[in-house]
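Heads up: the structure comes next, in structure tokens.
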Amino acid sequence: MGLHCDFIWGLVGFLTILVVGELGREVIGVSVNPSENENGNGLNGVRIQSNCGSALVLPLVESKRHGHVVDRRFERRGRGLVEDARMVLHDDLLTKGYYTSRVFIGTPAQEFALIVDTGSTVTYVPCSSCTHCGHHQDPRFKPDNSSSYQTVSCNSPDCITKMCDARVHQCKYERVYAEMSSSKGVLGKDLLGFGNGSRLQPHPLLFGCETAETGDLYLQHADGIMGLGRGPLSIVDQLVGTGAMEDSFSLCYGGMDEGGGSMVLGAIPPPPAMVFAKSDPNRSNYYNLELSEIQVQGVSLNVPSEVFNGRLGTVLDSGTTYAYLPDKAFDAFKDAITQQLGSLQAVPGPDPSYPDVCFAGAGSDSKALGKHFPPVDFVFSGNQKVFLAPENYLFKHTKVPGAYCLGFFKNQDATTLLGGIVVRNTLVTYDRANHQIGFFKTNCTNLWSILPAEPPLAPPPPPVNESSPIESPASLPEDKQDFGSIELLIELDGNFTTILNQTLLFKSSMASELAISSSQISIEDIKEDGEHVVVRCIISPASSQLFSSSAAKALAARLEDHTVKLPEIFGAYRLRSWKGLPPSKWAWIHSDRAKMGAMIAILVGVVVLLAVIASLVYWYFFKYRNRGQIKYENLEVAETNEEETWIGDEQL
């Protein structure tokens, strides 16, 4: 009996300790913060906003156009940079992508996403007075709301264009691109900066305040253009002229399967393996190169070097998506590539309207393209070779899995135009001071790991009341503060009634983009604020009790950089502010309701099990107690009863 009881009560004790221990683990908070999970999730990711010497490192965000079909012939000077697997398809045509960087103009600062474009010499954004501007991702610039904005009169020394808008007596600008898109407006001067914590403080710079735009500029999702070309209105020339930066900048674009990248304003120490090619500023305002030959699998194309030197020569332009060669060079390049493809099968391109050169059978792993496609080398003057991997001259077929197409096309004139596809996963340094351009093959998503960093010049953080929320957009110190939830104020340009009726779509879209559950998003308030709609929502953690400071900042950064894409019915959006709310006293209960429910269910089950076990124990003791007891009777009485019974029987 002792053995049975010890076993039963031992089992009961083990189950009790197990349940109490599991509940205790939840109360204490021994759980993995999702922002620190090695596998990563929607809350992971940190903006590249570190300093490298005197240079400023800025993040580049890959974006897309509105859902409009864009004619392929416009891509020669289109706004796109690098097409990749995440690009959206519309009507079976591959839309163009581009990279943007955030810029802040005015006092108080108004935020814009501008396409980095080395082929443009003017920076411009839509003006509030624009009569023909498209629907872009941020509100238009309002000069009247900026206390530091200055108009540029027609007779001002800042009127570099020497063009005058007589109606308003202001200096004006006009830009027309080869694909027939255009921008025009007035020149203004205001403080232009790159966000909090930047070593490069805001400077008064000239920029275009658009009054009309057409073509691709009208259709694009980004707000405007950041002109990085050579010219007095270029943002680079102006910053160099004020002594704010050295005469050099760098761009680094993600690969075929990775988005994002970085832009570095200012000089950086070049990696030892960087290859430099000469660039002659006297030839044109474009960044030209002296390309002498192209090699495929180590064999030079049978093309004279003069072919690459026609008209503007060879131009490197971040505002062009693909590469364009003169006819003779393109035919030789296509033939040389085709001869090296072995068992790959030629297939029609994604759009029958264009004679794309495509091949199937290479598989879906873009990192293994080198097994099927040959290496290519660009040879510049001085025998400087720049290696091109297959991702630098191919794009993915949008209809045939495992098929790829040449991203090189015939040009309509004698200029050789090298777009963003050529410099995927390549750090490109525009060393204007030394008239050269450097190329270094690297993983652009990890660019900051190869740049020598220097600690930012940030003021010491002010004391924070622990009971008060911590707000943005003010810079947050790199502390270990944990938040119980995150409150967001999001400004939308859509219709108030539509947004009010589409709260479920808003929640599901946000959840999908942030890779969290819709149940973690709570919409607290929706109200009209002038021309905008402001949504206040709270995001709660899922499997963690708290948000770490880094996870909260990363989430807010994705909204600030517009990497979170919302359906177009909500219009353009802007993150006005966000707050990290302190955890409540009962955060351990509310932070993980599903798991707490499971624990309660387990506890109830164990209580029922204990009750059953107790019943069995009671029955066990009762049974053996009765079985061990013997009924004793007086012997004489028993014999008398038996005799009487027998006598009774005889009497019957």
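Yeah, the Cβs are placed from backbone N, Cα and C, and that goes for glycine too.
Per TrEMBL, signal peptide is recorded for 1-21.
For 99-440, the entry in TrEMBL reads domain 'Peptidase A1'.
Taken from TrEMBL, the feature active site applies to Asp117 (among others). For Asp117 (active site), the Cβ neighbour count at a 10 Å cut-off comes to 25, with all displayed protein chains included.
The annotation active site is assigned in TrEMBL to Asp317 (among others). According to DSSP, Asp317 (active site) sits in a coil region rather than a helix or strand.
TrEMBL lists 458-477 with the feature region 'Disordered'.
Per TrEMBL, transmembrane segment is recorded for 598-621.
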**Request:** Have a look around Asp317 (active site) and count the other CB atoms within 10 A of its CB, chains all included.
**Result:** 24
**Request:** Could you measure between Asp317 (active site) and Asp117 (active site) for me? Cα positions, answer in whole angstrom.
**Result:** 7
